[in-house]
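K.L.:
One structure is given below, represented as structure tokens, and several questions about it will come after.
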Amino acid sequence: MTDITTWIDEYHKGSRFGLNGKILFKKTSKYQEIIVIENEYYGKALMLDGCWMTSLKDEKYYHECLVHPALSSIDEKSNVLIIGGGDGGTVRECVKYSKISKIDLVEIDEEVIKISKKFLKEIAGEAWNDKRLEIHIDDGVKWVEKTKDNFYDVIFIDCSDPSEFSNLLFSHSFYKECERILAPSGILATQSESPESFKNIHINILKSLKNIFKVSETMYSFVPIYPSGIWSWTFASSEDLSLSKQNYDEVVKIEKGCEIWNLNFQNAAFKMMPNKIVKELDS
């Protein structure tokens, strides 16, 4: 759009995280304001409604942590649902697995996909063309409601922070519907916000999943572009989770293509729950 550089900031409770660079794209879609900026250090970055979503520099911290703990523990052919994920990073990580039979990506805002393909094509690349992928421009909540019981083996909730059009993706009723459409041994994997910047939302997510599913586990790591830098991902199942019992040969293969995730990283990340979160969950 222009060669003039400017600061773009995300504000949160009296703090801010900003990037300085050239604005490559700016538009208000039916659902949200979309900005793409190019920064010297983080590369191209995507902001939705004033919140940083991803950047080329640190997106693998997020996408690898969301996908691989779940998919590396699945042994059989699987149907996968991605709710959100319009930047393509979750799709890219999913298509690394030959055992995935089908991927449904449900994104409410088609503009996010279009813009990501044009300005952030380094994220997903050819993954957009994988024959197993079907893209649906739809409301994720409504998609889940109309899906038959036990249909998906893995569900990824790759959504933005709570907002007017995404609040229901964090609700107890929505997680309950996800449990209904999962296969008996299926896994729900969701980004579960920051235990620091979004502590109350984080606690509510963990409590809901603990109440609905037989077992849930949360891992913590870093996404530098997000408020406070620390983030979380939670994995839940109606049967015993086997997140530490991966197929060794497959893990070795997947690790070679990852920048952040490996089994040692994962095992440590599942042991990083801050004690203040432990206390609130036990109260």
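Glycine residues also receive a Cβ, built from the backbone N, Cα and C atoms like all the rest.
So Swiss-Prot lists the following for this protein:
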- 5-238: domain 'PABS' (DOMAIN)
- Gln32, Glu107, Asp139, Gly140: S-methyl-5'-thioadenosine binding site (BINDING)
- His63, Asp87, Asp158, Cys159, Ser160, Asp161: spermidine binding site (BINDING)
- Asp158: active site, proton acceptor (ACT_SITE)
K.L.:
So which binding-site residues are near Asp87 (spermidine binding site), with CA atoms within 10 Å, out of Gln32, Asp139, Gly140?
P.N.:
none
K.L.:
According to DSSP, which kind of secondary structure is Asp158 (spermidine binding site) found in, if we only use helix, strand and coil?
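P.N.:
Note: Asp158 (spermidine binding site) is in a strand by DSSP.
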K.L.:
Just to verify a number: CA distance, Gln32 (S-methyl-5'-thioadenosine binding site) to Ser160 (spermidine binding site), in angstrom, no decimals.
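P.N.:
So the alpha carbons of Gln32 (S-methyl-5'-thioadenosine binding site) and Ser160 (spermidine binding site) sit roughly 11 Å from each other.
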K.L.:
Between Asp158 (spermidine binding site) and Asp139 (S-methyl-5'-thioadenosine binding site), how many Å separate their Cα atoms?
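P.N.:
A Cα-Cα distance of 13 Å.
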K.L.:
If you draw a 10 Å sphere on the Cβ of Ser160 (spermidine binding site), how many other Cβ atoms land inside?
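P.N.:
Ser160 (spermidine binding site): 20 neighbouring Cβ atoms within 10 Å.
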K.L.:
With a 10 Å radius around each C-beta, find which of these binding-site residues (Glu107, Asp139) has the fewest other C-beta atoms nearby.
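P.N.:
Least crowded of the binding-site residues Glu107, Asp139, by Cβ count within 10 Å, is Asp139.
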K.L.:
Show which residues of the chain containing Asp161 (spermidine binding site), separated from it by at least 6 in sequence, have their CB under 8 Å from its CB.
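P.N.:
Within the chain, Asp161 (spermidine binding site) has Cβ neighbours under 8 Å at Cys51, Glu193, Phe198, Ile201.
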K.L.:
Of the binding-site residues listed here (His63, Cys159, Ser160), which is spatially closest to Glu107 (S-methyl-5'-thioadenosine binding site) when Cα positions are compared?
P.N.:
Cys159
K.L.:
Looking at the domain 'PABS' (5-238) alone, can you tell me the average pLDDT?
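P.N.:
Across the domain 'PABS' (5-238), the average pLDDT comes out at 95.
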